[in-house]
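Residues annotated as transmembrane segment in TrEMBL: 26-49, 61-79, 91-110, 116-133, 153-174, 233-254, 261-280, 292-315, 322-341. If you look up TrEMBL, you'll see 486-546 marked as domain 'CBS'.
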Amino acid sequence: MHCCSIIITACGKSWSFGTHRDRRDLVTCGAGAGIAGAFRAPVAGVLFALETVSSRWRSALLWRAFFTTAVVAVVLRALIDICKRGRCGLFGKGGLIMFDVTSGYVNYHVIDLPPVITLAVFGGVLGSLYNFFLDKVLRLYNVINEKGRTYRLLLAATVSVCTSCCLFGLPWLAACKPCPADSREACPSIGRSGNFKKFQCPMHNYNDLASLFFNTNDDTIRNLYSNGTDHEFHITSILVFFIASYFLGIFSYGLALPSGLFVPVILTGAAYGRLVGMLIGSQSTLDHGLFAVLGSAALLGGSMRMTVSVCVVILELTNNLLMLPLVMLVLIISKTVADAFNANVYDLLVKLKGFPFLEGHAEPYMRQLSVSDVVTGPLQTFNGIEKVGRIVDTLKATGHNGFPVVDEPPFSDTPLLYGLVLRSHLLVLLRKKEFISSSTASASDASKHFSPEDFAKRGSGKHDRIEDIELTAEELEMFVDLHPFTNTSPYTVVETMSLAKALILFREVGLRHLLVLPKTSKRAPVVGILTRHDFMPEHVLGLHPYLFKSRWKKVRFGKTAFSNFF
């Protein structure tokens, strides 16, 4: 698989990747493989990587992601065959289709559309509320986690105890129900997963709320999706289970323990769909189990705002292609409704972690600005042959990752931009100590003393730091020839270029640095350098507060979600 170019060091403890694009491709392929393995949905894994993970999609990346998920599907199929021989215990249960509902023939009519649309609308509202509460809870958790490991463990223990109390206490609120006469499985099911949990009930009776709480998430979802079970769950039990799973899913995320978003949202959505089916299902011909499937799609669309990938995930999970039109309708409506309130859950998490994530569009107020309007701070440049001491002082004083290299007389008639050198490359040069004694050009090529592995980007392990490099006073007075290690063709823009156009260029090409050149030749050869942080709305609006009241900003944020969707 060529998802990345990997170089392994001799000690075997760190991995290095050829370029930043290779690293991004690896992350994209890995995300698709995770979805393919977790939900046994290889096509959905490719679409998830395309729709959510990748900011720059290429045809080459498409087939690499597809090949990755195909390998996952083949390996998973082989492991399932091995586990079905009884060698894996409980891990051997199930097949490639996790929640098979093909046994129920899906026959829907125009009369079924109003209940489905109602489910989608309220699913979008609940999904946006889920994101809102999750954002508030994670901010609280961050404050607690910053106090140390002890507080982090106490927080996880407190939530775990509260969760256990809810799971064991709430089933006492439900009344015992007699086992259905036409049940296709043992009732009550004791010591195994199933629809019917005894939980303090007499024989031939079961507790429907305990049947939901005391199963694994997969079995509970499968029970809610099952057709022909309209009378096996009381509406009060479904309501209690929905509220509990909704808020427990929020409070359990972000703790110092394994947790996720996909399965809890699917589970909560299934309970929500069942509840809607019980409330307004009399006006529809759809089975309550099908309402549960649509409820999962509605909550996923309202929370994660994914459409294509979630649609295929639902179809591959349930193996029911006949539901495609309804699932598509629910996802479109729930996403449109939720977009009117807040951003998707992944954008909220990225913003909460402080990552400089660039949106796929430029804000309209950026059209009023040029790139020179957002260039800040003194520009740090290096000469083609630079003194070691100045390089060390600059690296210690700044956290910049790229520095323009400018040639001055006698190397050029006038100051001339030679290129861009990376911080990581400078650290390699300092660590290798390939110095020269004078500021004149050396006759030998210093690059011959280095191998490609020296400059490869490390994916894990310890990175070089300027504080870890020890240099003597004599070495600090020596020089380094930066010419062989400089990128001589960096991307550049003129200072008068529109900030909106520069943002599109920066994002579409996948840049990390963008050099700003002067419009006239009478000034310095480079006037600034742009990174992701310079394009962030917080930075731009901080420099130009009047844009908060700009009519262009009002036009952008005054649009309805419906018009934005189209």
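Each residue's number is its place along the chain shown, starting with 1.
Here the Cβ of each residue, glycine as well, is placed from N, Cα and C on the backbone.
Worth saying up front: this structure is predicted, and the values here are computed from it rather than measured.
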Could you give the number of helix, strand and coil residues in the domain 'CBS' (486-546) as assigned by DSSP?
24 helix, 12 strand, 25 coil
Mean of pLDDT values spanning the domain 'CBS' (486-546)
88
If you count every Cβ pair below 8 Å, which range out of 153-174, 261-280, 292-315, 322-341 shares the most with the transmembrane segment (26-49)?
292-315
So are the transmembrane segment (292-315) and the transmembrane segment (153-174) touching or not, going by 3+ C-beta pairs under 8 A with a sequence gap of 6 or more?
no
Highest Cβ pair tally under 8 Å against the transmembrane segment (322-341), stretches 116-133, 153-174, 233-254, 261-280, lands on 116-133
For the transmembrane segment (261-280), name the stretch out of 116-133, 153-174, 233-254 with the most CB-CB pairs under 8 Å.
233-254
In the same chain, who gets a Cβ under 8 Å from the transmembrane segment (233-254) while lying at least 6 residues past its ends?
126, 130, 133-134, 137-138, 141, 159, 162-163, 166, 170, 173-175, 177, 208-209, 211-213, 260-261, 264-265, 267-268, 271-272, 274-275, 278-279
